[in-house]
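To start, the structure under review is shown below, and the notes come after it.
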Amino acid sequence: YYSKLIGENIYLVLFTITLRVLNCFLVQTSFVPDEYWQSLEVAHHMVFKYPLLFEVKMSLRGYSYPLLFATIYRVLQLLAKDDVQLLIWIPRLVQAVLSALADVKLYSLVRHLENAETAKWVYLCQLCSWFTWYCCTRTLTNTMETVLTIFALFYYPMEGSKTRSSCKYLTLVALAFIIRPTAVIPWIPLMLRHFWQEQKKVDLVLYSYIPVGLVTLGISLIIDRVFFGEWILVQMKFLKFNVLQNLGTFYGSHPWHWYLSQGLPVILGTHLPFFIHGCIQAPKRYRIFLVVVVWTVLVYSTLSHKEFRFIYPVLPFCMVFCGYSLKQLKTWKKSAITFLLLSNLLPALYTGLIHQRGSLDVMIHMQQLCNNSSNQSWASVFVMMPCHSTPFYSHVHCPLPMRFLQCPPDLTGKESYLDEADIFYSNPLKWLNEEFYNGTLPTHLVFFSVLEQEISSFLVLNGYERTATVFHTHMPQGRIGSHIYVYTRRVK
């Protein structure tokens, strides 16, 4: 039954799921705040009603993606199994299994279009990509977008495809759009090509485009109506904020060529020469995949806020070319595979187990405050780090008073706009002395090591002692230090 459901050998499916579950447990670092703040934190609030964050309040994100995790949380709550470790790991394991099924679908797609031989090499390239390893078990909208893109591609009407279904592929693209509106970017060339080649254009619009669009958008609207309490078209707000007003620059900006000079080469890593070789070697009908990669990178290059994860959904397209390249190699095949495996293993393990792990490790100290019930009544935590550096209640799961520096993006268009974090970092000592002049001091302060010297007089004066040092990264920069310190106030 299962092999019929997924359309592949059950052993292949089980092997892939096992590998991605292992992958999940070997990724113990944080990548970007969004993997918590736009999924788990929102879901946690939906079920357990703990305080919430700004971006959903501002309605730039819908509730459709967090609803998946909220459902998991609700089931755990009903079973009285809402232990903090389960709240952290089960959503990630679900995402890992979905990514594994997408890996299998990529194999199936190439097997249907080409043959089992080519599919095997594409599958191998997909499994040993360090960036896929780094991202595919994270609860990021980009991860879900990539999974849905692979599933949709499986049903896309390519020449020679035996699994084509306009309705299925359009539904999956629409779902990806609802979760992350920019997911439509790679699909623009593919949908235009499909429309161009379709004989019955009117039927395609009437019986596929319109019904799929209306139903998925309708469901999304209803979900957001339930949780926002008002009718709101989140996708329009997201596009307006990130694309039309380009307010994403608030989170940093890069030069136009960044994706070409750094973004794509870094996420492809040592697959790059195979990708280039594959582009030259692959049959003409795969040219559309190359168009998708180039088009997506160019479109994203026009937006000034750039991140590696934004182009993660083009990686599976690249893997098709990499696999084709490996299949074409005659003499150096074994050496090439060994090289790919070893050169991807190091960055995968380093980024998954070492780089930026402090943000999650420090939450274990917060959890310990909860476990000790005598602590819970008097303890309070203030996180003095760049915005959303750590997860929040989804990784603590107890009513511990916690606060962090706020940084809502400026929606007023002021040139000189400064958020709370900016004001704090411009003069931390002055800010702390003013903020806690007459107020109650938190029992625990959490901050990066780079801040310690600047605020040492405040710490000494108020009786704080360092109680924990947590390693974070070998590459500290700016406000981010190599370690995270937890300071506890001596109770007089």
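Every residue, even glycine, has its Cβ placed from backbone N, Cα and C.
Looking at the stretches 82-100, 139-157, 234-252, 443-461, the one that TrEMBL records under the feature transmembrane segment is 139-157. Of the recorded ranges 204-223, 310-326, 338-355, the transmembrane segment (12-31) has the largest number of C-beta contacts under 8 angstroms with 338-355. Taking pairs at least six residues apart, the transmembrane segment (310-326) and the transmembrane segment (204-223) share fewer than three Cβ pairs below 8 Å and do not count as touching.
Against the transmembrane segment (288-304), stretch 169-192 shows more Cβ pairs under 8 Å than any other of 169-192, 204-223, 338-355. With a threshold of 8 Å between CB atoms, the same-chain residues lying at least 6 positions outside the transmembrane segment (169-192) that come near it are 62, 64-65, 141-142, 144-145, 148-149, 151-157, 208-209, 212-213, 216-217, 219-220, 235, 238-239, 242-243, 288, 291-292, 295-296, 299-300, 310, 313-314, 317.
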